[in-house]
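Data block below; observations after.
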Amino acid sequence: MSTEDKIRYLSEEIKRLKKERRAVILSHVYQRPEVQEIADFVGDSLGLSQQAAKTDAEVIVFCGVHFMAESAAILSPDKIVLLPEIKAGCPMADMVTVEALQEKKKEIPGVIVVCYVNTSAAVKAESDVCCTSANAVKIVSSLPEDRPVLFIPDENLGQYVARRTGRRIHLWEGYCNTHDKLFAEDVLAAREAHPNALVLVHPECRPEVIDLADAVASTTGMIRFARESDAREFIVCTETGILHQFRKQCPDKEFYLASDKLICPNMKATTLEKVHRALVTLEPRVTVPPEIREKALRSLERMLAVT
Ligand code: 13P
Ligand code: SF4
């Protein structure tokens, strides 16, 4: 069977099984194009959480990484949540542990902990409010000004939020291995090659890359910006999977990845074969223990109430 035939066959089987299982398939924009194509909803971390919270499906197949499936399990505890590749984690999420966070909280009396959604359920349970790259500025702006704020674990996003809100924020030394590989030189070279292009930057990028941006936004925010902009060309400073949505949603515009280093291996670990297998076996499942779920839910619900 050719690769195209295999993709066609698996996609049809997945669509059939999805109905049989009363399942919904959610995909992050960093997933492989063929995985995005079989999804009922493709979006950023915020959009995916909102979909997970409101779906009436019995099974959620999460094409993304572990913390995203955990958030779905927290928001929809009565559903079966499947993560087709159970080892698909997020290295940034692993850069903060409950123990380290508890220690840090002791050092800053009265601190409000804002946790990026890229954290484990247990860390969310130890935090006050969650955020994504789409709403981090709004969430921090909504906090009382007389209380110190600790932002975990993404230092670049935390620094960006501090600049945008004018607040002094305690930062954590976490970072995304994928966005961290992008340097200002890469963006400057791309700009030289495409002088008419606007630069779209994800706030997980280094500050010197953010400084070169025409727009800083979450993945969905970048796509919206490109759709609404009069510009015809864009340099994209985030994971390569997003190009599929850019080209689908803006077929008359050109998109150039700022560097071919922008690949997240964890996001690419989910394949159609694994989605198919997950729907057949209803495994691997992601669950969250009730005592952690209850506290983590508070952080997620506070975020969803502000957005
Ligand atoms: P958003 O899609 O929310 O912008 O997040 C990017 C990301 O790195 C998710 O892991
Ligand atoms: Fe984690 Fe970065 Fe991959 Fe997103 S792109 S899952 S933040 S490593």
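Cβ atoms here come from the backbone N, Cα and C positions, even for glycine.
Same-site candidate for iminosuccinate binding, as annotated by TrEMBL with Ser45, Tyr116, Val117, Asn118, Ser133, His202, Pro203, Glu204, Thr219, chosen from His28, His194: His28. The Cβ of Asn118 (iminosuccinate binding site) has Ser45, Phe67, Cys90, Met92, Ala93, Pro153, Asp154, Cys176 as same-chain neighbours under 8 Å, each 6 or more residues away in sequence. Spanning the listed iminosuccinate site, residues His28, Ser45, Tyr116, Val117, Asn118, Ser133, His202, Pro203, Glu204, Thr219 have a farthest Cα to Cα distance of 17 Å. The binding-site residues in question are His28, His202, and the one with the fewest Cβ neighbours inside 10 Å is His28. For Cys264 ([4Fe-4S] cluster binding site), the same-chain residues lying six or more positions away in sequence with a CB closer than 8 A to its CB are Tyr30, Cys176, Asn177, Thr178, Glu239, Gly241. Highlighted in sequence order, Val65, Pro91, Met92, Asn118, Asn177, Thr178, His179, Glu204, Glu239, Asn266, Met267 have their Cβ within 8 Å of the centre of the Cβ atoms of Cys90, Cys176, Cys264, the residues recorded for [4Fe-4S] cluster, and are not part of that set.
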